[in-house]
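Here is what Swiss-Prot records for this protein:
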CROSSLNK  Lys90  SUMO2 cross-link
CROSSLNK  Lys107  SUMO2 cross-link
MOD_RES   Ser116  phosphoserine
CROSSLNK  Lys125  SUMO2 cross-link
CROSSLNK  Lys130  SUMO2 cross-link
ZN_FING   154-240  zinc finger
BINDING   Cys185, His187, Cys210, Cys215  Zn(2+) binding site
Amino acid sequence: MPGRSSTSSGSTRYISFSGIESALSSLKNFQSCISSGMDTVSSVALDLVETQTEVSSEYSMDKAMVEFAKMDRELSHYVKAVQSTINHVKEERPEKVPDLKLLVEKKFLALQDKNSDADFKENEKFVQFKQQLRELKKQYGIHADRENDLTEGVDEDMIVTQSQTNFICPITQLEMKKPVKNKMCGHTYEEEAIVRMIESKHKRKKKACCPKIGCSHTDMRMSDLIPDEALRRAIESHNKKKKRHSE
């Protein structure tokens, strides 16, 4: 609870919110822990696909990611409720100090009541996890839950070969080593090449267009780029197999 001066007037002019703001800072730091947890789950899930390791539904990485996404949403709602309450009290400056805990709980519950599965579409980590998992499964010819697996009996190398065009950077025309994906249009590039291109354009006060032929995205920013872990793994796996076959 916020501390107060020795004055007994109860005026909000004497309320110190430093304690609450310090606690908020700690909560925001915990959000980074949740983010790290989601990165770990994503990495393990991709490992399982790459090694084609079966796990029971009890230990599903999808379920773990959903739980992290729920924690992230709940924590975000609580932080928002506290910040909203502090701002409201500072603006209204009521004569009598309100029950801050009660106000926060009301705002928090109001936010929680609006929860829906659609919220996960706004969680960047969750969306990235689903996309990368889907892409890696596609590279290996694995369908979700192995249902309606029309690729059974099809040579895995052929499936990967069909996707090899995705391995080439549209800028360097070479196979990518550190592919990054454009969140806005979905195209991928070699990280060093696209970063250099964007920086060069921005230094000349020009907009950077997606170098993929036919793409309509004409204002690329560094913040649009995310590591394409699924594609990186697929490229590495393909190269390992190619090396084994040549030996």
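In case you wondered, yes, glycine gets a Cβ from its N, Cα and C as well.
Where Swiss-Prot records a feature, it is marked here on the structure.
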residue : record              : Cβ contacts under 8 Å, 6 or more apart
Lys107  : SUMO2 cross-link    : Lys80, Ala81, Ser84, Thr85
Ser116  : phosphoserine       : none
Lys125  : SUMO2 cross-link    : Ser35, Met38, Asp39, Ser42, Phe68, Ala69, Asp72
Lys130  : SUMO2 cross-link    : none
Cys185  : Zn(2+) binding site : Cys210, Lys212, Cys215, Ser216, His217
His187  : Zn(2+) binding site : Pro170, Lys181, Cys210, Lys212, Cys215, His217
Additional residues around Zn(2+), ordered along the sequence, whose Cβ is within 8 Å of the centroid of Cys185, His187, Cys210, Cys215: Asn182, Met184, Gly186, Pro211, Lys212, Ser216, His217
Helix, strand or coil at Cys210 (Zn(2+) binding site) [DSSP, three-state]: coil
Per-state residue totals over the zinc finger (154-240) - DSSP helix, strand, coil: 39 helix, 14 strand, 34 coil
Greatest C-beta neighbour count within 10 angstroms, which of the binding-site residues Cys210, Cys215: Cys210
